[in-house]
Amino acid sequence: MKFLARHILKGSRPFWLCLFGVTWVLSTYSFPLYKALDARWIIKFPKAWELQLDGWISAVMKWLVEDASFGLFSFRDLTRFISSLIEAPYQVVRSGLIDGFSTGQGQQAVEIAPSLSWIAIITILAALAFYAKDWVLAALVGGCFVYLAIFGQWESAMVTLASVIIAVPLGVVGGLLLGILAYLSPLAERMMRPVLDLMQTVPVFAYLVPILFLFGFGPVSALVATVIYAMPPMVRVSTVALQGVPTEIEEAGRMMGCSRRQMMWKVLVPSAMPTLMVGVNQVIMLSLNMVIIASMIGAGGLGYDVLTALRRLDIGGGIEAGLAIVALAIALDRLSQAFSTRTQDALPEPGLSYVKRHPWLVSVVLIMLGTGLAGLYLPAIQSYPESATLTTSAFWSDAMEWININFFDTFEAIKTFFLTYLLLPVKRFFSGVPWAWGIIAIGLAAWRVGGWKLGAMAALMALAIAASGLWAKAMITIYLCGVSVFLASVIGIPLGIWAGQNSRANSVIGAFIDTLQTLPSFVYLIPVVMLFRVGDFSAMIAVVLYALAPAVRYAAHGIREIEPEMIEAGKVSGCTKNQLLWRIKLPLATPSLLLGLNQTIMLALSMLVITALVGTRDLGQEVYIALTKANTGQGIIAGLAVAFIAITADRIVSAMARASRERLGLK
Amino acid sequence: MENSVKLDCRGVWKLYGPNPTAFLNKHGGNPDQDTMNKAQIIGAVRDANVQIHEGEIFVIMGLSGSGKSTLVRCLSRLVEPTAGHVEFEGRDLLSMPEAELIDVRRKKMGMVFQHFALLPHLTVLQNAAFPLDVQGVDRKTREARAHEMVELVGLKGRENYFPRQLSGGQQQRVGIARSLVAEPDLWFLDEPFSALDPLIRREMQDEFMRLQSMLRKTIIFITHDFDEAIRLADRIAVMKDGAIVQTATPEELILNPATDYVEEFTRHIPRAKVLRLATVMSPGAPEGNYAGDLQGGLSVADTVDQIEAESRPFRVINKNGEAIGTIDARTVIDVLIGRSGK
């Protein structure tokens, strides 16, 4: 970090020292100053100047739901229509996976057809994995689902899977269409970009509030939230993928006389397929993440199990459900990745019979039908027998208890150490900064890094946060985020550098980081709360774990991407290994490290909001409270405040990365 | 050239930069380099005039950045020229509505690309059949036709391979098959062999000449390789900085390069291989004592041993057997050592 600082701040040290010095003095003496001058406005934004935006937003939402009308139908009709549109396929998928098809309501319900048997579902997924890659993947995917069955998580997992199965096609198709629109029309692209920026930085909880208000509590709201959350990356990936199609291929299409439609669907989209599949993988993983979080507004499934376990502090149950989520996430991730890298070798010989050309499809259908029929007589085939499930709940509870009894003092000592020497001093520093100076300081810093436009934008966003009466909470968010990002960098960058220089370390660290990144954010809370209970320290650990991945990845990438000639030049000049690292590799990897820092900040902010569940007092908590009270205005304003912090940080760090690339003469 | 003009391009400009059309109008449609530099305008193609005749191989030669790729894209309207006229078979290509343009491209034009531009998700056969697929030809017909083309370019047996399973030369054969499947009249080849290794390039040039001897297309061929241009062309247009410096047959280029720039290219070309007897002979054939008759279309290199071995001159005859000139060992030696004055 010190090195980074030296490299970035080269030549402008006095400016930064002054800025920090003034801020520190004002932060330390703001309270005495307020007492001495009896000027409360120094530490608190005057109530009279506060914008009451949240009230207005809530009022508008209320009007929308209760009174708004488009002539022929009201707004409420519209949301109901959307609900029914999503509800119907969701019910079909859910019936097929777990509930079984039936007619009638409640007590009078008569089952017409059973759901797919657990054996059939596992077979389908394993066959897909084999089709996409090989036996190893089939075993992994099959194994993950067998795990779900044996450990009694089948039902919840299927509910979660049903939501994912509905959300993913919607997100992919919607994202692809919007991406195509942005590709075709620069105007649409310009209009979409800020919206996408905002959607990717607004914390997930903030989505939930208005959706809860519009669609009510239940799986449909959860699906709407999931689709909205998972779509933006697909839009981006689609545009980039289409732009990445070689010009020659597009020209070839035109010279062959493709109409516009043929051009898009026969030439551009298929040529962009490998990149598009990366987007599909992202949509799947984001959907899973959101379906878990959306259990707060009624998605049910594994997320709901974790949530209730967290609320009851049911250690064993929480870990069990968490591990089930991990199994599901790994299976879905590896499966969809295999599809995106799949290469078709040769077409099957024409002229063979259907069965011989599609041996897999035919056997899978046979197994589906066979187990379905057999399940009518042998219930164990239809659904995994409950008596044969294992529960590890007691084991985990005992293990945690044992750890807590034997290591309580150690954990307390660690916690107290971090609180006393890191968290509290930083918190005091940030909380003490008077809002007026805070706005000026952020503006100055941004101006110094990226010019007056960036400075003005940063100052305005800070002012907007202060004017919403959220200054104090925003400062807590910044402090927690800052500390977590600092720790994540301190741990992650050296790991990344190690991985970048050593291929064996790389394969181990890479696998570990890959797995960390596939886990839905909720999962991180479970062990942290178990070990450290609620509070800022627990939140910090969860955030560090979640935000570690980009720091490692980008550092490794930056080291690996250095031209071998540069390193050879260093060796020829007689550099020692250390000199090679500090004088050549790190300076050249700086742009990449900064990009990693940027990503780390973004992930940290998104996780920070979720840690509201373990009792922080920041903007995330504000959003969470709004969610529990279904207060749309409060939720949206606090969500926007987080987005503003994220956007400011993103622009500042990006400007630094750009400047350092230019300095190094990289493209 | 007695054959009719297939593609007629007059005064074509392609400028890049802020508001190029207004800029061109303001300077009377003929700005010079300095004014363009000042206005930050890049002249990719400047006042290009070419007439391509039915059945000829017309090569556009230039180094990278000379504007040859942009020019060929103006000729096929892949790029809209800033100004000028392009007529294809007497029809104005530039004002053609989209539907008509699509129809012309489907039926009359074919193009081969430097990096092959094959569709990665389709097999060799499907790639070759793609232009017909786009036209809505039914599967059976188009695949039968594609089979023929794949066989013609020597890839029989690899119909079900995907492009990434083929070598560069093989991929370009697929590109050629695809560009010919709709039986176009006008065949564009944009540096088709530049991405290939030298040996393969040679082989593909031979293959190209073999195909052309069978098909007799009208061809616009782009290359940065002067040897290749000399080898394949009926006529060559040399481009520099967006403008055409000289348009001529290979022999004329070598004998009378219009500028030092052109001469620089011709200097290393073995003249004896390019120059034909009809060009270097002394015209007029008085009665006399000759060693024999030689066809005027033969190159100097092919006949040098024969001519040198004789002390008497040879008579040069044209296709109809009429005597048109004489040639002796001294003239041949002049050509071989590059002594000027013919």
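Any Cβ shown, glycine's included, is placed from N, Cα and C.
In TrEMBL, the annotation transmembrane segment applies to A:511-531, one of the ranges A:511-531, A:532-552. Beyond its flanks by at least six residues, the transmembrane segment (A:454-471) meets 44-45, 47, 49-51, 53-54, 435, 438-440, 442-448, 619, 622, 637-638, 640-641, 644-645, 647-648, 651-652, 655 of its own chain at Cβ-Cβ distances under 8 Å.
Taking Cβ pairs closer than 8 Å, the transmembrane segment (A:360-381) reaches residues 114, 116-117, 119-120, 123-124, 127, 130-131, 354, 388 in its own chain, all 6 or more past its ends. When Cβ-Cβ distances below 8 Å are used as the criterion, the transmembrane segment (A:429-447) is approached by residues 19, 22-24, 26-28, 30-31, 42-45, 454-459, 462-463, 466, 471-472, 475-476, 478-479, 482, 648, 651-652, 655 of the same chain, each at least six residues removed from its ends.
Within the chain, the transmembrane segment (A:635-653) has long-range Cβ neighbours (under 8 A, six or more residues past its boundaries) at 53-54, 57, 197-198, 201-203, 205-210, 442, 445-446, 449-450, 454, 457-458, 461-462, 464-465, 468, 470, 473-474, 477-478, 481, 594, 597-598, 601-602, 605, 609, 619-620, 622-623, 626-627. Within the same chain, residues 40, 42-43, 428-430, 432-434, 437, 441, 444-445, 448 sit at least 6 positions outside the transmembrane segment (A:14-34) and bring their C-beta atoms closer than 8 Å to a C-beta of that stretch.
Residues 479, 483, 531-532, 536-537, 540 of the same chain, all 6+ positions outside the transmembrane segment (A:402-423), place their C-beta atoms under 8 angstroms from a C-beta of that stretch.
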